[in-house]
Every structure is written in structure tokens, then in C-alpha cells.
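These notes concern the structure reproduced below.
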Amino acid sequence: MSQAYQPDSTKTSAKKSSAVTLNPPKRKTLMRLLAYLKPYWWAILLTITGFAINAGTEIWIAKLLQYITDAINQNDQSKQGLFPFIIVMLFFVRGVGSFLGNYYTALVSRNLVYELRVEVFNKLLRLPSSFYLANPAGTISSKLIFDVEQVTAASTDSLKTLLRDGLTVIALMGFLLYSNWRLTLILFVVLPPILWIIRVASKRYLKLSKGIQATMGGVSHITNEVINGYQVVKNYGGQAYESKRFDEVSKKNLRQGMKIVVTNSINTPAVQLLMAVAMAVVVWLALRPAVIDDISAGQFISYIAAAGLLSKPVRSLTDVNQQLQRGIAAGESIFALLDEPEEEDTGVLSPALVGEIKLDNISLVYPDSTVALHDFNLDIRAGETVALVGRSGAGKSSLVNLLTRTLSTSSGQITLDGMPIEDIKLESLRAQIAMVNQQVVLFNTTVFNNIAYGSLAHKTPAEVEQAAKDAFAHDFIMQMPNGYQSEIGAEGLQLSGGQRQRLSIARALLKDAPILILDEATSALDNESEYYIQKALDNIMRNRTTLVIAHRLTTIESADRIAVLDGGRIVELGTHAELMQLHGHYAQMYARDFE
């Protein structure tokens with residue numbers, strides 16, 4: 001059994017964390033994210049080209065101011081018609097560059113979301129039951145929906161800002177150094193304190209981002225619970241309680257979000273203030289006679305304009321730290337899930353099973369030390385029907401999960417037709433076991449697709465129709481608007497409980513497996529439907545090994561043998577008549593059933 005997946009914690013270490021030099025875990029996460037971008041190198045190249053064009057126009061805007069100012073001072077009329085044309089062309093070229101950069105960044109971003117989301121979903125399909133036992137459904141869905149979107153901030157949105165504004169800063173700084181390198185060196189003086197501010201903010205962003213992820217998982221979890229249990233909520237008047245619970249977790253999310261806003265609201269102005277101080281010193285020095293006498297008015301205006309144009313990209317580069325840390329936190333969460341051990345398949349055999357089952361000294365202990373089965377022994381002949389009865393928690397469902405290898409034994413051996421169950425491939429094993437659960441699972445698709453589900457999709461319409469007839473579902477299906485092609489809605493809630501159960505039985509009948517497991521398959525049916533379904537089940541159970549988990553003992557009197565479970569062991573075993581003569585556990589339960 002795999003190690004249970006641990007949900008994200010809002011706590012984070014205050015150890016080494018830097019926006020400039022990423023610590024090893026953060027660097028590893030970022031490099032892993034960037035690896036997803038390799039197939040889109042051509043789009044990134046076009047993005048760089050576009051933003052390089054955009055950065056180049058920033059220089060020419062500053063340079064154009066020099067030419068215009070000098071032309072005005074010199075009263076040069078020869079270029080009067082040229083400047084408007086240059087202005088229009090500059091902004092046209094700038095627009096082309098921005099389009100290339102923005103479009104191809106978005107293309108990479110949306111494809112990354114698609115690939116990550118599909119990879120996470122496919123990973124969920126391969127994870128063992130222990131993962132789902134350890135994690136609420138809302139937390140899992142939050143990773144698939146919220147965290148994947150957040151990851152794009154680290155890999156594409158941040159990349160866009162770094163390329164666009166980074167190239168702009170490089171271009172402008174190059175222009176400033178070329179124009180007057182002595183004055184420009186003053187701007188580098190404020191670089192260390194700016195990097196220190198970004199480093200401090202980086203630590204806080206990462207911590208708060210993990211907190212937001214945790215609270216979003218709580219929001220999704222509560223929402224899923226209320227939606228799935230809306231009938232209980234309404235029937236027991238739980239609206240106020242659920243509203244309060246949702247409000248509390250939403251407020252936690254709000255507080256975490258506002259803390260990020262506060263951090264960003266302090267971080268950005270602080271960086272801008274340092275830039276303003278540097279700019280003020282540059283202007284003060286530039287206006288000194290020793291400096292200004294050596295340059296023209298146009299050169300002065302051009303230099304100051306270029307220095308002023310630095311403000312916006314520097315601010316954006318400061319803000320990108322927030323996006324980057326948020327994305328890295330989400331990336332750590334997603335990669336932790338993707339690195340989870342998958343359901344182990346040790347099987348190498350794909351036999352055609354007859355249905356002989358042997359359980360030899362089976363024990364099953366859950367991670368919380370709960371003992372579900374202890375030294376459990378049972379031999380089931382091929383074609384035999386064995387009913388499992390007992391109080392809730394006696395180990396009936398655990399036994400079924402062991403047979404499908406949804407769970408693994410703690411000790412002991414299970415064999416099918418004399419072969420250890422671990423030696424049979426999971427796909428082969430599960431293809432030869434049909435199940436009808438008490439909790440019916442239907443999907444938001446057509447009646448036909450719900451019966452011919454998964455590996456049964458190749459079944460013909462005639463086979464599906466026959467299975468429905470055997471389950472006494474054909475008549476109500478034909479009364480639906482589009483017959484077998486009718487949509488049944490989410491979880492089949494448009495159908496009655498009996499109708500939903502009959503579709504589930506039809507699915508099991510269509511599978512035609514040598515081993516059949518019925519978890520109180522008639523529990524949701526009315527008396528008349530139960531009579532016909534029981535007859536259909538009697539037919540399908542013939543010549544098949546059948547395990548029946550029974551809650552109403554009147555439904556399993558005809559079983560070949562009845563095993564009474566208590567405390568994870570068999571305390572009584574025999575036919576209905578034999579067990580009644582013992583006047584033990586079974587007889588007492590049977591009497592209570594009638595009462």
C-alpha cells in the first residue's frame with residue numbers, strides 16, 4: 001500500500017529563500033516547470049523576438065525626443081513632415097512586437113495548463129485507494145483546478161514579464177550607459193537595497209501562497225460536501241451550520257489574500273522610492289554646469305525620458321516576484337501529487353478465471369491501526385454463492401476490496417484458481433469481477449454509455465438492450481425521451497433510486513464476469529422491482545462465483561453458504577437452515593431483521 005499523500009501545509013520554513021538565488025527545492029520546482037516549455041521553444045523564440053522589438057521601440061521613443069527637441073531649438077523645418085510619420089511607424093512596430101509577445105506567451109500558457117491538468121487527472125486515475133482515503137475530494141479537485149492555474153504564473157506569466165520588461169530594462173540601461181555612463185552608474189547604487197527588498201518579500205509571498213492553496217482546498221472540500229449532501233443539509237436544517245463553516249474558511253482565504261496585497265503594496269512603492277531617489281540624484285547632477293554644458297537640450301531630454309521609462313518595467317519586475325512565488329508554491333503541490341507512488345501492479349498472468357477463491361489467514365490493518373480482518377480463512381468453490389453478513393465494521397467491505405486489490409493484505413494469502421492474486425495483472429483481475437454496489441455510481445452521459453461503460457464500450461446495442469431487459473430496466477429506458485441515448489444528468493439524479501440501481505445491475509450483467517460481487521444490490525428497489533431483480537440475479541448468479549454482502553438477511557436465504565463475520569473473523573458458517581438451528585449470531589440477527 002502506498003504512503004498516504006499529505007495535504008499541503010500552510011506552514012513553511014523560514015530557512016534559505018531568495019528571489020535572486022533560489023534555494024534547491026525552489027530551483028528544482030522552477031526547472032521542472034520550465035521543462036514543460038521545451039516543446040514550445042519556437043513560440044518562446046517568437047515571444048523573445050516580439051518583446052525585443054517592443055524594447056527597441058522604447059529606445060527610439062527616447063531618441064526621437066532628442067531629435068524633436070534639437071529640431072525645435074534649431075528651428076529646423078526640414079523634418080517637420082518626417083517626425084509624425086516616424087511616430088506612427090514606431091507605435092505600429094511596437095504594436096506588432098507586443099502582439100507577437102502576448103499571443104505566443106498566451107499560446108504557451110494555455111497549452112501548459114492543458115498538459116498539466118491532463119497529466120494530474122491521469123495521475124489521479126492511477127493512484128491507490130490510500131490516497132483517496134487520506135485526502136478530501138475538495139482538496140484533490142482544488143489541485144486540479146486552482147493549483148494548475150497558479151502554476152502558469154511561475155512558468156508563463158512570469159516569463160512574459162521577465163522577457164518583456166527585462167529586455168526593456170536592458171535596452172534602456174544600454175542606451176543610458178551609451179549616452180552618459182557616469183550618470184548611469186548612480187542607478188546601479190540602488191540595486192543592492194532593491195534586491196534585499198525583493199528577497200524579504202519573496203519569503204513572505206511563498207508562505208502566504210501556500211496558505212491560500214490550503215484554504216482553497218478547504219473551500220472546494222466544503223462545497224463538494226454540501227453539493228453531494230444537499231438533501232441531508234436541507235432535511236436536517238444544516239444551512240446555517242454549512243454557511244458558517246464556509247464563511248470561516250472563506251475568511252481565512254480572504255485574510256491570506258489581503259496579506260499578499262499588503263506585502264505587494266509595501267514592496268512595490270519601496271522599490272519605486274529607491275528608483276526615484278536615484279533619478280533625483282541623476283537629475284540634480286545632470287543639471288550641474290559641468291555636465292549640462294557638454295550636451296544638447298535634446299540629449300538631456302532624451303536621457304531623462306529614457307531614465308523615466310525605466311520606472312514601469314522595474315515596477316513590473318518587482319511585481320513578478322509575487323507571481324513567481326505563488327506559482328512555485330502551486331508547483332510544489334502539484335509535483336508532490338505527480339510524484340505519489342502509483343497503484344502497484346505486480347501481476348504477470350492474465351488467466352481466464354473459473355472463480356475458485358481461497359483466503360488463507362488473511363489480515364488487514366489500516367494505517368490508523370484499525371484491524372479490519374484478522375486470521376480470516378474461507379474457501380469458496382467455483383460457481384458457489386456465499387453471503388457475508390455481520391454488523392457494520394465487521395470486515396465485509398474490506399474483504400471485497402481485497403479481492404479487487406483495491407486494498408492489499410497486511411498478511412496472509414489470497415488465491416484465485418490456485419494462483420496468488422498478486423501474480424494476476426490488475427487489468428485482467430478486475431475485468432473478471434463484476435460489482436453492483438449499494439452506492440450506485442452513474443455518470444453524466446447517456447443510458448447506453450452508463451451500461452456499456454469503460455471496457456464494455458465495444459458491446460453491441462443488442463447486447464446492451466438484453467442486459468437492460470434482464471435487469472428489468474428496458475421498459476423505463478424506452479419511456480425516456482431518447483431511449484438508450486437519453487442523458488441521465490449528473491450522477492443520474494434525474495432517475496429514481498430503483499432505476500439507478502437497475503442500470504448498475506445491467507452494467508454488471510453486461511460484463512458477464514466469472515466472479516460477481518453484490519453489495520446489497522436490491523436495497524434501493526421497491527418490493528415489486530426487487531422481486532423481478534432477484535429473479536434476474538438468480539439467473540446471472542448461476543454457474544458464477546458470487547459474493548453477496550447482505551444487510552437484509554431475507555435476501556440471502558438461498559445462498560449456498562452464509563458466513564457470519566464479527567471482529568474481522570468468521571464466527572459462523574453454513575446454510576441458512578444450519579445457522580438457524582445453531583441459535584447463535586445469525587439466528588439473532590435474522591430475528592431482529594423480521595422485527
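Note: Cβ is positioned from N, Cα and C throughout, glycine not excepted.
Features as listed in Swiss-Prot:
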BINDING   Gly390, Arg391, Ser392, Gly393, Ala394, Gly395, Lys396, Ser397  ATP binding site
COMPBIAS  9-19  compositional bias 'Low complexity'
DOMAIN    45-326  domain 'ABC transmembrane type-1'
DOMAIN    357-592  domain 'ABC transporter'
REGION    1-20  region 'Disordered'
TRANSMEM  41-61  transmembrane segment
TRANSMEM  81-101  transmembrane segment
TRANSMEM  169-189  transmembrane segment
TRANSMEM  266-286  transmembrane segment
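A map of Swiss-Prot features onto the structure.
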residue : record           : CB count, 10 Å
Gly390  : ATP binding site : 24
Arg391  : ATP binding site : 13
Ser392  : ATP binding site : 7
Gly393  : ATP binding site : 14
Ala394  : ATP binding site : 21
Gly395  : ATP binding site : 24
Lys396  : ATP binding site : 23
Ser397  : ATP binding site : 18
Residues from the same chain, set at least six apart from the ends of the transmembrane segment (169-189), whose C-beta lies under 8 A from its own: 55-56, 58-59, 62-63, 275, 278-279, 281-282, 285-286, 291, 295, 299, 302-303, 306-307, 309-310, 313-314, 317
DSSP three-state assignment for Arg391 (ATP binding site): coil
DSSP-derived structure type at Lys396 (ATP binding site), helix or strand or else coil: helix
Overall pLDDT for the domain 'ABC transporter' (357-592), taken as the rounded mean: 84
Non-site residues, in chain order, whose CB comes within 8 A of the mean position of the CB atoms of Gly390, Arg391, Ser392, Gly393, Ala394, Gly395, Lys396, Ser397 at ATP: Ser398, Leu565
